[in-house]
Amino acid sequence: MFNYKILEDEMENLKNEGLYINIRTLESPQGAWIVVNGKRVLNLCSNNYLGFASDERLKQAAKKAIDEWGVGPGAVRTIAGTMKIHEELEKALAEFKGADATIFLQSGFIANQAAIPTVFGDENDAIISDELNHASIIDGVRLSKAKRYVYKHNDMNELEARLKEARDVQKARRILIITDGVFSMDGDIAPLPEIVELAEKYEAAVMVDDAHGEGVLGRGGRGIVDHFGLHGRVDMEIGTLSKAFGVLGGYIAGKETLIRYLKQKARPFLFSTGLTPADVAACLEAVKILQESDERVKRLWDNANYFKSEMKKLGFDLGVSQTPITPVMLYDAKVASQFSRELFEEGIFAQSIGYPTVPKGKARIRVMISAVHTKEDLDFALDKFEKVGKKFAII
């Protein structure tokens, strides 16, 4: 029989290092204020950027879809599981992103696992990845037989060196550069124009994971490619519907030929049932709302700019963030964990982030601002951060 003491010992080590994850339970819908473990707290750690997770229009769309389509697709999409509503969402996403076509999958994590090994899976291929790319990209690369290269975060000189190595030393058949658009832990933005220039110079493809750019960057939240005006120059965009869109699911956007190929070859698409009609309908409604107005996106940025400005005035270190993602840098994992618990007692739900999510010695409280926060909410948060920050001698 398996010796489970090995697992217990490892978890005990995590506790001793302040890295053990305590999962809190929500007892209310997502919103600016939520009930967690029986306590009403200000929510500063969800990815619900635009407040869509509890939006009435999305809820009504989901309910209507259940009545019209049932609760599940009943099969994988290549057999009998593609409903008209799935295709409607794929078309709407393509229009929203300014792409030829999209393929809709179960999550953004799965979208990366579908895209990378399917298109760049040969041992003669080369994949060059930013060192701070998301875990789903790392796992997607691991599924490929391609030779792997990693470049220092946002370092274009090192990226070019890896491109030269792949082209001139490895003699790679095909080269793929992968980057997050917005890096989820630090909130900084990839230098996508420079990456695209290097890709074109070395005849490489570019893939960007836009999970934290959609609903945040670009016209009406269309993402990082739109933000930089790079339509037609990025080969694959990976998106998620679980953050700014407030629901669930992921997709790949790109040329029509690429999407048709993925529908023939991508294993997560071929061998796993698609999302429920309710999820798809809610996603479709979120896209419609963003196409109608950019009011929520503007409110998100107003809130983020105000909060970050005031936090800096208090003396907090917010790292290199360029987006509403606000890392409050505390560096020590135990301090970050204790800081988070103290905030919770004060009515603030803001989780600590430590290794392995971020490097050792880079622990933080990651604050996620939303369009549904009011100025009063943010002032409440600022007051509590100041109180706890002084208690821990951080400020």
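We number each residue from 1, going along the chain as drawn.
The backbone N, Cα and C atoms fix where each Cβ goes, glycine too.
Quick look at what Swiss-Prot annotates:
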| type | residues | note |
| --- | --- | --- |
| BINDING | GLY108, PHE109, SER184, ASP209, ASP210, ALA211, HIS212, THR240, LEU241, SER242, LYS243 | pyridoxal 5'-phosphate binding site |
| BINDING | HIS134, THR357 | substrate binding site |
| MOD_RES | LYS243 | N6-(pyridoxal phosphate)lysine |
Quick note, GLY108 (pyridoxal 5'-phosphate binding site) and HIS134 (substrate binding site): C-alpha atoms separated, nearest Å, by 11
Min neighbour Cβ count (10 Å) across binding-site residues HIS134, LYS243 flags HIS134
If we take the residues GLY108, PHE109, SER184, ASP209, ASP210, ALA211, HIS212, THR240, LEU241, SER242, LYS243 that the record assigns to pyridoxal 5'-phosphate, their largest CA-CA distance in Å comes out at 15
Rounding to whole Å, the Cα atoms of HIS212 (pyridoxal 5'-phosphate binding site) and HIS134 (substrate binding site) are apart by 11
Expressed in Å to no decimal places, the gap between the Cα atoms of SER184 (pyridoxal 5'-phosphate binding site) and THR357 (substrate binding site) is 10
Taking only the CA atoms, the spacing between ASP210 (pyridoxal 5'-phosphate binding site) and HIS134 (substrate binding site), expressed in whole angstrom, is 11
Across all protein chains shown, the binding-site residues SER184, THR357 give the max Cβ-within-10 Å count at SER184
HIS212 (pyridoxal 5'-phosphate binding site) has its Cβ surrounded, within 10 angstroms, by a count of other Cβ atoms equal to 28
Quick note, LEU241 (pyridoxal 5'-phosphate binding site) and HIS134 (substrate binding site): C-alpha atoms separated, nearest Å, by 16
Rounded to a whole number of Å, the separation of the Cα atoms of LYS243 (pyridoxal 5'-phosphate binding site) and THR357 (substrate binding site) comes to 18
